[in-house]
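Trainee: Per Swiss-Prot, the features are:
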- ASP53: active site, nucleophile (ACT_SITE)
- TYR111: substrate binding site (BINDING)
Amino acid sequence: MDRIKCTVAYDGMHFCGYQIQPQHRTVQQEIEKALQKLHKGELVRVQASGRTDSTVHAKGQVIHFDTPLSLEEWQWSNALNTMLPDDIVITQVEKKTEEFHARYGVERKEYRYRVLVSKTADVFRRNYVYQYPYPLEVNSIRKAIPYFIGTHDFTSFCSAKTDKKDKVRTIYEIELIEQDDELIFRFVGNGFLYNMVRIIVGTLLNVGQGKLDPDSIPEILAKQNRQFAGKMAPGHGLYLWQVNYNN
């Protein structure tokens, strides 16, 4: 058996998230459907670095699967991309040992969130950025960002629906990139809780709008209560950008 690692990019707009759900179109469902065709009807389960929600995009999602087929890496890439819909692309394939695991071997993840700061919607970017129609004080946002960096209990910044009991995570970097009419938030951490990036972005936008003081972030973290953080930003501005492994 070969263990195959794939890096996957997808446009999340027309998916109900990554993970299989009955009666809904998902990324995992489409990948496993393509693999089933390649394996003459045999079901092949894939493991991913993590789930993404409905409408969330990925540039660098990572999956693995085990297979009895002996194909070269480029053959896997060509075969899968031929069978996958045009909103999913396999961008890289590597053969790995059994020690590699797409989920449990993750060392760090990078997410990016795009905000279009404009009163006027952009019809061509509407599925890929969060249009924010209010003026923002970028310096206030920059002042708030360092409070999130480091190891914290992020209970205040995750969905109440999370199934994770341990809410402690480490954020290594948060970078705010000003690019034309967009603000791009770049997050690197050892892992992220359910909706965590989107809630942090929503909170930082509140800071930029003057609804929250930048220095209030430590207090919100300490309260460990979701109701004190900002509104969650929508899914379509979020991208799983890159996943790094310890092996």
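Using the three backbone atoms N, Cα and C, a Cβ is placed for every residue, glycine included.
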Trainee: State the count of C-beta atoms found within 10 angstroms of the C-beta of TYR111 (substrate binding site), not counting that atom itself.
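Mentor: So the number of other Cβ atoms within 10 Å of TYR111 (substrate binding site) is 23.
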Trainee: Give me the Cα-Cα distance between TYR111 (substrate binding site) and ASP53 (active site, nucleophile), rounded to a whole Å.
Mentor: 13
Trainee: If one looks at the chain holding ASP53 (active site, nucleophile), which residues at least 6 apart in sequence have a CB under 8 angstroms from its CB?
Mentor: GLY17, ASN195, GLY235, LEU238
